[in-house]
Amino acid sequence: MLALLASGSSRSSSNNKLAESENATQNSNMSWGTELWDQNENLAIHTNRGIDALDKYANFLRDRVAIETEYAGKLRRLVKNYQPKKKEEEDNEFTSMQAFRNLLKEVGDLAGQREVVSESLQMQIIAGVTLLSKTLREERKKCLSDGANLQQNLTTQLSSLDRAKRNYEKAYRDSEKAVDSYKRADMDLNLSRAEVERYKNVMTSKIQQSDDAKNEYANQLQKTNNLQQQHFNMLLPAVLNRLQELDEKRTRGFREFIVGAADVESSVAPIIARCMEGIVKAGESINEKEDTFKVIERYQSGFTPPRDIPFEDLSKCDPDSVQDSHYSNSTSNSLTIRGTMSASKLKKRVGIFGIFGSNKQRQIIEACITMKNSLTADGQKEDFSDLPPNQRRKKLQAKIAELQHKIAQETNARDGLMKMKIVYEANSSLGNPMTVEGQLNESEHKLEKLKVDLKKYQGFLEKASQVPVATSSPQANRNQLQNGHRTSRHSNGSADDHHDDGDDQPDDAGSLSRSDSEDNVAQIQNGHNNNNNGSSASPESGLGTSHTSLPGSGQGSANENAIGDDTYYEREVETLNPLGTCKALYPFEASSEGSIPMNEGEELQVIEIDQGDGWTRVRRANNTNGWDEGFVPTSYIECTLYA
């Protein structure tokens, strides 16, 4: 059964192919000249509509080209608008941002391919369609003009035939009448012979005219038949066949242009496919674990988490001091800042030059402050001491790598200049060696400066690696107001407590910091500023703008310093009003002189804001002696300043 069905289907398919081939052969033998000899007007209308359709396709292509161009332009504008800004360049290390940047690149390539399609359609397809349409219209006009001339000739011949026929009919009727008149006259006995002869002559003349008209009619008929036969068998079919060729040319061009437009689209398809592959590849390159690791690398501070909050037994505390320690937060007009604050926008510390009598000393201290608070171009400290430990080490390592790269480049440039100088010295015709001497000196100067900077940042990195993770040491040579009394640090490293029961306690760290500070001041006095030789921006440097960092700088005797300091601090305690309050975000253990411990969540009074060294001076109520005052890390607190 299946075999019969298969054989039947094969026979039907072969029959269909045979029928199609016969139809194709039959169609190839058919022409407008033979089949549509009487449809001249309809063919003229058809060819006109065909050319209009071709023009319509050309307009379609123009609109499409405009859309493609607009689409490509909008894609490029889109890519430009979403390009990473300069301030977002630091996020380019993340795989997601890299993938997005690659996506933008691929979309830009897609826009380029749409522009290629637009230009190809404009230059190849639309130009060809326009030229073909113009040519077809001219040929159609000529064909229609030739057809009209042929029809006019045929119409003229038919008119001549019709006129000859009417003349022949009239002459024939006149001859018949003349014959009848002659016959009646010949039978009429009353007429004379002369009259009968006259009727006979008239009859003969009319018969001759009838014969001439007949001959003319026959001649015109033959001409008309010949012209008509030639018109419908040769001349008109030739014109109609030309119209047929014109229409086939239009149809064939239509097909070629449509296929050509598709070929233009197909030619960019592989590139577009590669763009799509690039987009997919960019998406697949995103690694969430790697981005997570990079976030940790960027923001890891190196600090330890806060410890447990201790229990406060309110029954053992003075209610007034508790109420004062929990100083109320300011209203909504106050400014809450987390981290380091710019001193230029807030109230500056007062009384810093109050104990100095000469302008020279003030200039020295101003130079020390400028040296200490030197910032980089991006607003960060030169040694990155305002950053958390881990971030500081990474910044320093990156800076060291950058300097090493610059040193390598400058070394290569210097070696090249030296070789050039040797060549010039060996052959003076090539150049003057003295012209290279200046460049060599400049290169040596740059190289020496880069090496100094490298050594400086290596020192910064070494110091940063030695700093404890939880906190850095506050200044050791700042004077501390503790329990309502002053403790001043002298250059011998001892602490003189002016409380009656206080004892001297040596502090090597304070002595070392004090010596460094005195050395820096001495260098400034001698016209040398060695700010970058390993100095830190922390309070340990001894160059801070704190009230407590200035007394005891080596001017005068210790007793004179003590007297001056007593006067200064008495005035300071009276004038220092709280600038606001702060809340401890993390617990802090005071590991060095000048700092005070605090617990997480504890509220303190701010009496000096951060001056760029990473430390804030705070005060809290003490149940026994009145006030505890000292420095805490700015990054450990959240400040709320009064409006």
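Glycine is no exception: its Cβ is also placed from the backbone N, Cα and C atoms.
Per TrEMBL, the feature coiled coil maps to 151-230 (among others). This prediction places the mean pLDDT of the coiled coil (151-230) at 90.
Using a Cβ-Cβ cut-off under 8 Å and counting only residues 6 or more beyond its ends in the same chain, the coiled coil (393-420) has close neighbours at 297, 380, 383-384, 387, 431, 436, 439-440, 443-444, 446-447, 450-451, 453-454, 457-458, 460-461, 464-465. Sequence annotations record features per position, and here TrEMBL assigns coiled coil to 393-420 (among others).
If you look up TrEMBL, you'll see 1-18 marked as compositional bias 'Low complexity'.
The compositional bias 'Polar residues' annotation in TrEMBL covers 468-485 (among others).
The feature compositional bias 'Polar residues' is assigned by TrEMBL to 535-560 (among others).
The annotation domain 'F-BAR' is assigned in TrEMBL to 30-291.
The domain 'REM-1' feature in TrEMBL is assigned to 386-463.
The annotation domain 'SH3' is assigned in TrEMBL to 577-642.
If you look up TrEMBL, you'll see 1-30 (among others) marked as region 'Disordered'.
Residues annotated as region 'Disordered' in TrEMBL: 465-562 (among others).
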For the domain 'REM-1' (386-463), the number of residues DSSP places in helix, strand and coil: 72 helix, 0 strand, 6 coil
